[in-house]
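Colleague: Okay, handing you the structure first.
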Amino acid sequence: MDRSEGMDTLENSMSGGMSMGMSMGGHQGHPPDIKPDISSLTSPTSTHGGYYGFGPGSMSSMSSSTQPSPGPQQMHSPGMHSPTSSMGSPPMLCLSPTGPSPSPGLPHSSLHTKHICAICGDRASGKHYGVYSCEGCKGFFKRTVRKDLTYACRDDKNCMIDKRQRNRCQYCRYMKCLSMGMKREAVQEERQRVKEKGDGEVESTSGANNDMPVEQILEAELAVDPKIDTYIDAQKDPVTNICQAADKQLFTLVEWAKRIPHFTELPLEDQVILLRAGWNELLIAGFSHRSIMAKDGILLATGLHVHRSSAHQAGVGTIFDRVLTELVAKMREMKMDKTELGCLRAVVLFNPDAKGLTAVQEVEQLREKVYASLEEYTKTRYPEEPGRFAKLLLRLPALRSIGLKCLEHLFFFKLIGDQPIDTFLMEMLENPSPTT
């Protein structure tokens with residue numbers, strides 16, 4: 001079968017076959033109007049930290065502009081624990097993010113270590129900066145020191161830092177790193193040793209950009225950007241419109257991912273896992289950025305404008321307002337461009353903590369390359385804004401929190417007849433991309 005025939009077959013199998021179901025919660029503080037049977041939903045795993053390598057706490061210079069994100073207990077839906085499908089009927093499938101695994105992935109060589117991380121209690125990958133620690137805490141400490149970041153605690157500076165909650169407060173996590181013996185000078189000495197090796201081995205963000213070109217990331221964004229000049233106000237229920245837009249965008253999301261540098265070089269099973277883990281945040285980031293031009297609402301890929309008042313009437317006003325204030329408004333305020341959006345979405349895509357991932361180390365390295373390329377881009381493109389890179393990263397915890405909250409409202413059933421989402425993603429990834 002040639003490429004065009006393969007695409008036609010795939011499109012025919014998908015047309016009219018995507019059905020969605022969902023349950024919308026009521027206003028905050030009230031039980032949802034409809035309780036779906038979620039006994040057989042697949043479950044997102046725990047929301048412990050390390051998801052982006054830093055937590056939702058803000059730097060002191062921006063602490064007044066960021067809003068608290070709910071902790072793991074607040075964001076976890078009680079009905080979304082690991083299920084066992086009933087034998088009487090096919091299980092309903094929730095496209096919930098696979099999320100971080102109970103034990104974040106480490107390089108295979110470290111799996112047999114008997115040490116645990118002194119900071120969060122996770123499995124240690126070795127001794128880093130004087131202390132046995134995991135890759136997540138090691139990376140967090142290194143970034144904090146190298147970028148000379150300053151954090152603020154929203155509570156009383158004694159937050160619990162463990163494997164599940166290490167990402168909740170950056171301030172307390174950093175202080176625990178210091179109290180357990182991590183040495184700032186060890187990070188600085190490490191960087192100096194690298195520089196002394198010579199120009200060919202100097203750590204370089206421009207080198208990272210060569211391997212993770214932002215130009216290619218921008219091309220991926222532009223390739224799937226809906227070409228819509230005018231938007232019309234939605235007439236139907238906003239939830240229905242959002243579901244239909246998500247339905248449509250799930251297909252383009254796969255094509256977007258295949259254009260991100262090195263994604264298709266990963267094992268096919270890992271590609272499925274990464275898309276399944278991040279689909280909701282990736283879609284939310286996309287329509288939030290598209291909505292920068294909207295007034296008091298969001299713009300969907302289907303060409304519809306969903307107004308804030310409609311969302312409140314439908315009972316989803318609280319989460320809708322969070323999207324507008326924590327994502328859309330912040331993106332508008334800093335004039336986030338599409339290259340920056342693409343890089344943030346690539347950070348979400350390359351999630352080394354996704355459950356079941358085999359190429360953990362490779363995915364971690366790809367995420368680090370995206371960070372480095374984004375930092376280099378912001379320094380070059382916006383030299384008058386030295387804090388822009390950090391400001392961009394502060395949108396990630398909000399995106400994560402909102403993504404989890406949305407899953408408490410929207411439950412998507414199986415797609416394409418009886419095929420589960422993993423099968424759908426596998427077919428999309430195996431199918432050659434259409435030529436452009």
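Here the Cβ of each residue, glycine as well, is placed from N, Cα and C on the backbone.
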Colleague: If you look at how Swiss-Prot annotates this chain, which of 153-172, 233-252, 373-392 comes out as zinc finger?
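Modeller: Going through 153-172, 233-252, 373-392 one by one, Swiss-Prot flags 153-172 as zinc finger.
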Colleague: Of the residue ranges 117-137, 285-305, 306-326, 348-368, which one carries the zinc finger annotation in Swiss-Prot?
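Modeller: That would be 117-137, the stretch labelled zinc finger in Swiss-Prot.
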Colleague: What average pLDDT is reported by the model for the region 'Hinge' (183-206)?
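Modeller: Here the predicted model's pLDDT, averaged over the region 'Hinge' (183-206), is 60.
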